[in-house]
Amino acid sequence: MKLLQMSEASKQATRHEESEHLQNPEPDQILSPRRSLIVDQRKWWASVLLCLFLVVLGDSLVMLLLNFFYVQDNREDSDQDLQYTGTWTQALIQNAAFPILIPLFFIFRSPKQYPETNNTRFLSFRLLFLYLSLGVLVAAHSKLFALGKLYANYGIFTLISATQLIFLAVFTAIINRFKFNRWIIISIILTIVIYVLGTPEFSGAPDENEEFYNIHAWLTFSGSVAFALSLCFFQLGFEKLLVNTKRYGNKKVFRMVLEMQICVSFVASVVCFVGLIASGEYKELKGDSRRFKKGETYYVLSLVGLALSWQVWAVGLIGLVLYVSGVFGDVVHMCTSPLVALIVVSAFDFMDDDFSWPRIGALIGTTLALGSYFYSMHKKNKKEIMELDRRENNVEV
């Protein structure tokens, strides 16, 4: 009995020591608030740079594969219009490859959820409404941009598409209460100029006899509005539903991006698939595959590669919306145009396209536009550290 009492006493003493050690850890085991903030900022920068890389990679692959598809689509040797009229097919391809993200969603660990947000029906209803709304918006701008490319010439389509950043700046100021500073405004202005001067041409542009300056061409405006609204709602969903409600704990994690993209792309794919069937456009797919110069196998591979590239681009873009803002995501997307133009000119030779002086200037301007926005983010991070130091000094006094 004495031995048992002694063993129980020793266990209690050990537990007491462990609890004291946890409550009063050694000084070298504690990260100071300043050091912790610096570490978090470095992780944040790494996430931003990763998403930026995905946007550049996705944009480049999409434009390369689109040009390859149009070059191999043997329409100039047929009686049909030179333009590829499968607009629902194009819209579906942009969203249909989301299942590849599902394994990644389960690979990335989820932070501990707060108990009060685990079983909230109202939160689930708001998330469902958000995903449905965003899915319809994404399907809409995918379809409308495809129609714009079908009917508007290169210059008109580029000018209209550039307005998406203007719409986004207006919408995000109203919806997201986004605060602009002079560096962000400079970046937006430079980005619009860069996009107009540096956007790569594509071999699927309509000929003069196929250009129509009617309601179809101006539907690109509607596509720009839908794209701008979708980025605003992505940001709103992250801020109000996934971050502020602490559904994923107290941090912004990449798993949020994957959840958003999977759910939204699923809804958009359903909308586009219904449109594909209802319009009868699916009947043209067999003829398109037979007309492909490289054969049906390359036709399928090009569509699969295009769908995967769209997902790479979308994940990077939505990641930038989560970690920074929708404005920064669109700035990065539009600033990639001169680099993509350089890649397209190097890979293809059509329409007397070359990397002219305006595009060289746009490529140089890209560093200024992105540098201006990066400087704004650097100042914000530096201000957070200074405010933390000031609070610590006040506490010590």
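The backbone N, Cα and C atoms fix where each Cβ goes, glycine too.
Per TrEMBL, the features are:
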- 1-28: region 'Disordered' (REGION)
- 14-23: compositional bias 'Basic and acidic residues' (COMPBIAS)
- 44-71: transmembrane segment (TRANSMEM)
- 91-108: transmembrane segment (TRANSMEM)
- 128-148: transmembrane segment (TRANSMEM)
- 154-176: transmembrane segment (TRANSMEM)
- 183-203: transmembrane segment (TRANSMEM)
- 215-236: transmembrane segment (TRANSMEM)
- 257-278: transmembrane segment (TRANSMEM)
- 298-324: transmembrane segment (TRANSMEM)
- 331-351: transmembrane segment (TRANSMEM)
- 357-376: transmembrane segment (TRANSMEM)
Test the contact criterion for the transmembrane segment (357-376) and the transmembrane segment (183-203): 3 or more CB pairs under 8 Å, pairs 6 or more apart in sequence, then answer yes or no.
yes
For the transmembrane segment (183-203), I need the partner stretch with the highest count of C-beta pairs below 8 angstroms, choosing only from 91-108, 128-148, 154-176, 257-278, 298-324.
154-176
The transmembrane segment (91-108) vs the transmembrane segment (128-148): 3 or more CB pairs under 8 Å:
yes
Answer yes if the transmembrane segment (128-148) and the transmembrane segment (215-236) have at least three CB pairs under 8 Å among residue pairs 6 or more apart in sequence, and no otherwise.
yes
Near the transmembrane segment (215-236), which same-chain residues lie under 8 Å Cβ to Cβ, leaving out any that are not at least 6 residues past its ends?
130, 133-134, 137-138, 140-141, 143-145, 147-148, 150-152, 156-157, 160-161, 163-165, 167-168, 171-172, 175-176, 260, 317-318, 321-322, 325-326, 329-330
Can you name the far-off residues of the same chain, 6+ from the ends of the transmembrane segment (44-71), with a Cβ under 8 Å from a Cβ of it?
84, 200, 202-204, 254, 293, 302-303, 305-306, 309-317, 319-320, 323-324, 329, 332-333, 336-337, 339-340, 343-344, 347-348, 350, 377, 381
Same-chain Cβ contacts of the transmembrane segment (154-176) under 8 Å, 6 or more residues past its ends?
145, 148, 188, 191-192, 195-196, 199, 201-202, 205, 213, 217-218, 220-221, 223-225, 227-229, 231-233, 235-236, 239, 325-327, 330-331, 334
